[in-house]
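Student: Below are the structure tokens for one structure; questions will follow.
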Amino acid sequence: MRKALKDSKRIVVKVGTSTLTYENGSVNLMRIEKLSRVISDICNMGKEVVLVSSGAIGVGVGKLRLEKKPETIREKQAVAAVGQCALMHIYNKFFGEYSHVVAQVLLTRDVLENERMKNNVCNTFDTLLEKGIIPIVNENDAISIDEIQNILNFGDNDNLSAIVSTLVNADTLIILSDIDGFYDSDPRTNEDSKMLKEVYEITPEIEECAGGAGSNRGTGGMVTKLSAAKVATSNGIDMILANGENPEILIDILNGEDIGTMFVAKKGE
């Protein structure tokens, strides 16, 4: 089953705020540098990668030296505007060191609702990838309240990453989180919880295992990851949920190693 991942040509990688920042909210430069190096190496293998990156608000909080996340929507959007600029500067610097060019793509939900805009976005992705450019995608937090309000919309970009996977016709979606995979109960509160290696169908029982919200640095929990898995697998895309603490895990996943939880695509449906 996992050996097929070796043949993945087009991959979407999603990293959340908790992967990109320390507990105190400051940017984890070492991890972003390693992530940039690993993705660059994957591209050097002849594969295409789209990076969906959260972290605009988290990085903005660190950049502005705020003690905590802002609470009002207008403050969050202002902080996101600062953070997105800083985040892209960091990505541009690190990917540039490995001779790769990146492009910023900021999306809002109306892209999905307007067929003309959707086609334009698809054409942009295709052109960037044809030219060997790595698209770095985020929701446009400065003008969109979907992720900020976290009302079952993109959800810390988990759902956005699945949607992007369908837009670019990806073979595989890899979501890097601060947890090793999908468990039958919360491993942070239940030491007897067991990680599921493969999920072939998202049943009501599986949904019940998802629990509630995620870490306090992001907005997505297991609920949004399951939602992303539904979108990806129903469109024939395998999804892997794994721990992003060491970005080199991406290489292992694409080598077909038994890492994280694999949500198996529904082929030919």
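The backbone N, Cα and C atoms fix where each Cβ goes, and this holds for glycine too.
According to Swiss-Prot, the record shows the following:
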- Lys14, Ser177, Asp178, Thr219, Gly220, Gly221, Met222, Val223, Thr224, Lys225: ATP binding site (BINDING)
- Ser54, Asp141, Asn157: substrate binding site (BINDING)
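For each listed feature, how buried is it and what is near it?
Tutor: Following the DSSP three-state reduction, the secondary structure of Met222 (ATP binding site) is helix.
When secondary structure is read from DSSP and collapsed to three states, Asp141 (substrate binding site) falls in the coil class.
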Student: Taking the Cβ of Asn157 (substrate binding site) as centre, how many other Cβ atoms lie within 10 Å?
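Tutor: I count 30 other Cβ atoms within 10 Å of it.
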Student: If you count other C-beta atoms within 10 angstroms, which of the binding-site residues Asp141, Asp178 is the most crowded?
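Tutor: For the binding-site residues Asp141, Asp178, the Cβ with the most other Cβ atoms within 10 Å is Asp141.
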Student: Do you know offhand how many angstrom separate Met222 (ATP binding site) and Asn157 (substrate binding site) by C-alpha?
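Tutor: About 12 Å separate the Cα atoms of these two residues.
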